[in-house]
């Protein structure tokens with residue numbers, strides 16, 4: 001079957017109402033509380049899209065802050081920083097150019113590709129196809145629907161056997177983190193492709209099941225392709241507010257809305273009106289609750305920062321098995337680096353990246369899943385959320401090593 005080809009520029013014309021031409025992404029060095037106050041002042045006077053950390057309230061001394069500024073505010077922001085002697089560098093000088101550079105060719109096939117970013121419709125068709133093509137290893141089920149009525153699919157990967165221990169992996173919590181769903185697709189492909197070729201994969205799939213949720217926030221993901229590439233929240237409506245969406249990784253009942261989250265519907269860190277208020281988070285949580293007897297590990301895949309995190313993020317307390325979790329991610333990070341030399345940092349969420357309540361990894365850990373981790377994939381900020389397709393293969397290859405390392409440890413340390 002011949003694949004239809006379309007110009008990337010045409011696709012991009014439909015991908016966003018905001019063209020981002022002239023927009024910039026900055027990295028600011030925060031030395032002390034005076035700099036923290038200046039960043040918060042800037043956020044109060046200009047429309048700042050924080051990339052890392054998630055909001056002005058999470059800025060702290062002796063860190064760096066990455067944020068995205070609209071073209072009309074660039075001059076004012078740079079003048080403000082210079083007048084206050086705040087050091088900054090421009091990570092992306094024109095966001096529009098970076099958007100176009102995500103795609104590694106001027107033409108793209110309409111079919112599915114593991115080394116391209118795929119639209120939701122393409123991913124959905126792939127889900128059906130991969131289950132049809134691999135009936136001995138893959139089954140698909142619908143665990144719920146999104147706010148806009150799209151089916152949420154989970155793929156169960158493993159050799160059929162009753163009551164097998166399982167590992168749950170989800171991708172695409174935040175809509176603009178396109179590399180995340182790309183990894184879930186890659187994981188499924190490699191699992192079925194290497195089952196009869198690699199003894200370690202065969203052992204994993206014979207002894208464990210893997211539940212893979214390729215895209216959690218489907219509505220938001222679709223919106224990044226059709227309207228606004230920088231969207232991150234869900235697309236639900238709120239009574240009494242014109243602002244849409246909830247930050248899904250602030251919507252779980254784990255220190256809900258206590259820190260690193262907002263009760264304002266217009267905030268990018270809005271925690272929602274209640275825990276699990278979002279159809280997407282409720283469906284995910286219900287599935288895990290219904291399978292708690294078998295799920296032994298939980299991995300949620302995000303970007304960016306090159307980090308492996310474990311609980312807690314909503315509190316500075318350490319988990320009971322802190323030493324075990326730290327040793328495990330240390331080994332996984334070392335394994336990941338063997339392929340392309342990519343360096344990951346690791347540790348508890350609150351101290352390693354920033355405090356944030358309502359996360360799915362903290363929630364799953366508190367449900368009794370003692371191997372619960374968040375991956376923050378490539379890169380460390382040069383491309384940020386706009387990682388080029390040319391890096392998909394390497395990112396997924398190295399992440400696969402880390403995930404298999406953790407999975408094998410879980411297989412050997414069942415509880």
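Cβ coordinates come from backbone N, Cα and C, glycine included.
Swiss-Prot has this to say about the protein:
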type     : residues                                         : note
BINDING  : 174, 177, 302                                    : Zn(2+) binding site
BINDING  : 174, 175, 176, 177, 232, 249, 250, 303, 304, 354 : substrate binding site
DISULFID : 171-184                                          : disulfide bond
DISULFID : 243-266                                          : disulfide bond
DISULFID : 257-271                                          : disulfide bond
DOMAIN   : 116-410                                          : domain 'Peptidase M14'
SIGNAL   : 1-13                                             : signal peptide
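With a cut-off of 8 Å between CB atoms and residues at least 6 apart in sequence, the same chain places 180, 181, 183, 184, 212, 213, 214, 215, 216, 300, 301 near residue 171 (disulfide bond), listed in sequence order. Considering only the recorded positions 243, 250, 257, 266, residue 177 (Zn(2+) binding site) has 250 as its nearest partner by CA-CA distance. DSSP classifies residue 257 (disulfide bond) as coil under the three-state reduction. Rounded to the nearest whole angstrom, the C-alpha distance between residue 257 (disulfide bond) and residue 250 (substrate binding site) is 7.
Over all protein chains present, the Cβ of residue 184 (disulfide bond) has 22 other Cβ atoms lying within 10 Å. Among the listed disulfide-bonded residues, namely 243, 257, 266, 271, the Cβ with the most fellow Cβ atoms inside 10 Å is that of 271. Of all the recorded positions in the record (243, 266, 271, 302), the one with the smallest CA separation from residue 176 (substrate binding site) is 302. Within the set of recorded positions 243, 250, 266, the entry lying nearest in space to residue 302 (Zn(2+) binding site) is 250 (CA atoms).
Following the DSSP three-state reduction, the secondary structure of residue 171 (disulfide bond) is strand.
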